[in-house]
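Trainee: One structure, pasted below without further comment.
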Amino acid sequence: MNQALKNFLNAIPIPICGLILGTVSLGNLLFAEGFEAIGNIFCLIGILIMGLFLLKLFFTFKNTLADLKNPIIASVAPTFTMSLMVISVVLERVFPNLLMNDLLWLTSIGLHLGLMTYFVVVHILPVDITLEYVYPSWFITFVGIGVIPNTSAVFIKELGEIVVWIALVLYFALLPVILKRIMFQKMTEASAVPLITILTAPGSLCLAGYLSVFKEGSALFVALMLVLSQAIYFCVVFYMKKMLEVGFYPSYAAFTFPLVISATAMFKSSQFFMDRPILFGVTELLSIVETVLAIAMVCYVLLKYFVHLYSQTKSLIADHEC
């Protein structure tokens, strides 16, 4: 393989999978909201970026594996398998009833569990854990399985009905620890600051998953989860401007999926409360506002990543010519 191309693939960061997850999930949300054309465009963009990342995996596998020695990178790596689960739903929509779609979904789940196990074995068990060692990205590693109930309706719904409760237990187990970490231990690395946004994702992910597999769920449970997840969402959005000021890092990808899944949970909640006029009106309005914000953020991060990869490419070409 051309060395310049190999260097370019090496330069693609693992956190880009978070952007893929956010982009494809936004496409699915817009499709569900009735904006099929623009939804499909976002799905296609995400799938194309995934294709680029798969090339990176294929041609620079050893280097990619070495990156997982970094505990922060290892904790965000499951966004890769989460993205594949979401992409499998897109493929099932476009090419229904293909065995390939089921195999992709099941394989993604297996790989996700493998990444969870790797993280525990390599980055938790051998380490004397202190509060400073914990990052919001741990939610990705452990509560990322919440994507399973969100995607299981078209594959194995019964699996989603089980996993959603496991995800909820892991969420509530981690939430106080990570809240304490953010409130009492300052993020010393600027590149880790965008990871604070991840705090908004797991509650909404669990709520959206619950509403995906239980159409006749508990209104009280939905309301309580919605209040909790939205309280965290608004706190993070309020802090967003300050986080953006740290400058671009690959961790900017963390700005995308949390906002998208928050909008998704709000949209599904509005559908759930359709027969309750006041709740429906409030949740529908918030759903629109949060969807617009999610679109703006995904487009912004896509642009920042494009500029970043373009500058990387120019630099590599210049080095190669020298």
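Any Cβ shown, glycine's included, is placed from N, Cα and C.
Those TrEMBL annotations? Automatic predictions, nothing curated.
TrEMBL lists these features:
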TRANSMEM  12-31  transmembrane segment
TRANSMEM  37-59  transmembrane segment
TRANSMEM  71-91  transmembrane segment
TRANSMEM  103-125  transmembrane segment
TRANSMEM  137-156  transmembrane segment
TRANSMEM  162-179  transmembrane segment
TRANSMEM  191-213  transmembrane segment
TRANSMEM  219-240  transmembrane segment
TRANSMEM  252-273  transmembrane segment
TRANSMEM  285-307  transmembrane segment
Trainee: Restricting to CB pairs under 8 Å, which listed stretch, 137-156, 162-179, 191-213, 219-240, is in contact most with the transmembrane segment (285-307)?
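Mentor: Checked against 137-156, 162-179, 191-213, 219-240; highest Cβ contact count belongs to 219-240.
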Trainee: Cβ under 8 Å to the transmembrane segment (103-125), counting only same-chain residues 6 or more beyond its ends: which ones?
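Mentor: Residues 68-69, 71, 74-75, 77-78, 80-82, 84-85, 87-89, 91, 141-142, 144-145, 148, 151, 155.
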Trainee: Which range wins on Cβ pairs under 8 Å with the transmembrane segment (191-213): 37-59, 71-91, 137-156, 162-179, 252-273?
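Mentor: Selected stretch: 252-273, with the most Cβ pairs under 8 Å.
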Trainee: Can you work out which residues elsewhere in the same chain, 6+ from the ends of the transmembrane segment (71-91), have a Cβ less than 8 Å from its Cβ atoms?
Mentor: 14-15, 17-18, 20-21, 24-25, 27-28, 43, 46-47, 50, 53, 98, 100-102, 104-105, 107-109, 111-112, 115-116, 118-119, 122-123, 133, 135, 137-138, 140-141, 144, 147-148, 150-151, 154-155, 192, 195, 251, 253-254, 257
